[in-house]
Amino acid sequence: MTTSDLNLLLEMGFEQARAELAVKKTGGLQQALNWLEENQDKPLEELQASQTAAGTAEGDEEGAASMPSGEGALSLVCNECGKKFRNHDQASFHASKTDHTDFSESTEEIAPLTEEEKKARLEDLRQKLKEKRATQSVTEKEEAKRNEQIRMKASKESQDVKEELQRKEQIKEAAKKRQEKLDDLEAKKRIKARIEADRAERKRREEDAKAMRAGKPLPSQAAAPAAPPAPVASASGSSAATARLRLQTKSGNLVKSYPSETTLFEVAQQIEAEVGAPINSFTMTFPKKTFEAGVDFGQTLKEAGLAPTLNSSIESPNGLLPAPIPGLPHPRRKPRILQYRGVSDSINSDLAASCRSAKRPVPVPNPPVAAQSNGYRPPSDSRIAHMASHLRNLSTRAFSQPGIAFRNTTALLLPTYPPLAQRNTMATSEAPKKMEWLVVIPDFPGANQKRLEVRPKHFAGLAPAKESGLYQMGGAVLNDVPTSDDPSTFSFAGSTIVIQASSRDEIKEVLRKDIYANTGVWDVENAQMWPLLCAFRQQK
């Protein structure tokens, strides 16, 4: 290749170093352009290193294959296509393009190109290069378009996947909210059903108590389906080793099993210890038969024909009602049966026995007007002290049964009442009279931790009530006997207080203002209240 070919390559805009390498590697302008195009992406250092290695190898080959004659070859001819080449580089390039392998040397010299031929050749090469670049540009645009389509498709698919995931999450969230609403409704239904059941149970017990006072059959037993009659005790039944007794008491039904050699007296003692009231007789429903205390209680269950089974009712003494107190309604109604979870039913029997055993206090003459103006406080005589001690013993015995503990109680205080003169002036307006009430307030389930948190505020709120005489005494009811004095280890079941009020509605209004009720600790609606009429003060 001549210097003119190198100048043409430089005029086309190729780098001088690359153009020189192309001139050395090829034998013509066209081959140089093709070589530059093929190696345009390779670094210049790599091309120079390969050129140096190729030049060394080529010099060795030329020295070994030099012709012995003084006349050298001026050109190379391809025997397959007849094309002539000026040097080996052009022949090698032709062989790589056409896969021709048959070449021979020729002494014929190839005439150099004229200036017009060089210009025409250069123009032709430029046109081909331009067309090739245009074709390459179109190809690159199409490839870029295809890549963009692929990218957009992938982006769209990714967006669709994200939207699908979001839609599924929204569906799950909506389903979760619907389930929570359904669960809330079910919980409300259960709570409502529980409240209705408690009300029905309280109503049933009140009706049973009313029927027992009137000496009528119990409505709950009349409404219940008739039980199949028990078979008459036979010789084979009397020989049973164990007797199973179903006993109907005022506080409910009991099912007990005893050895057949157990006497009726022993059975009566055990039942009396459980229900808290003496047993006078056992009555069989069918056949009708009564076993009286002091007459038949020496018989064994086997001798009485009560083995193996018995349906019987228990009769307790009616006792005496407390005498009426002047200025207050006659206490003919017995104490209501305690309807509180975790508290034994025997409390009712103990309270009833306490009221029946109370004596009418001796009336005390009205004090002088000066004493009335300063506030009258009844004297603490031996009878009142005895009744107060009896109430404390009764509360301790009732609340110390398994599962109940009476904690944090204050000493029994004699209530301070308004002066008689004030009560007399209010009598003309028919104002309700104040009296003491025993109130038991259960806790909501799971309110133990909340009670411990607001306990100091509750005690602080009781101070004004104590000063005004509204709050007399009180304490907390526990589910179990505590093992330490740390309140955080207690399991609270509720509270019991003695409060001065004129009605149950007034008591509930007072309880609703307490922090225990406002924070969800006290279940005020299910609180039980009993008026204290028989053992706490002398009538003025």
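Cβ atoms are placed via backbone N, Cα and C, with glycine included.
Automated prediction, rather than curation, is the source of TrEMBL annotations.
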Which range of 173-195, 242-264, 357-379 is region 'Disordered', per TrEMBL: 357-379
Remote residues contacting the region 'Disordered' (130-166) - C-beta distance under 8 A, at least 6 residues beyond either end: 37
Predicted model, mean pLDDT over the domain 'C2H2-type' (76-105): 81
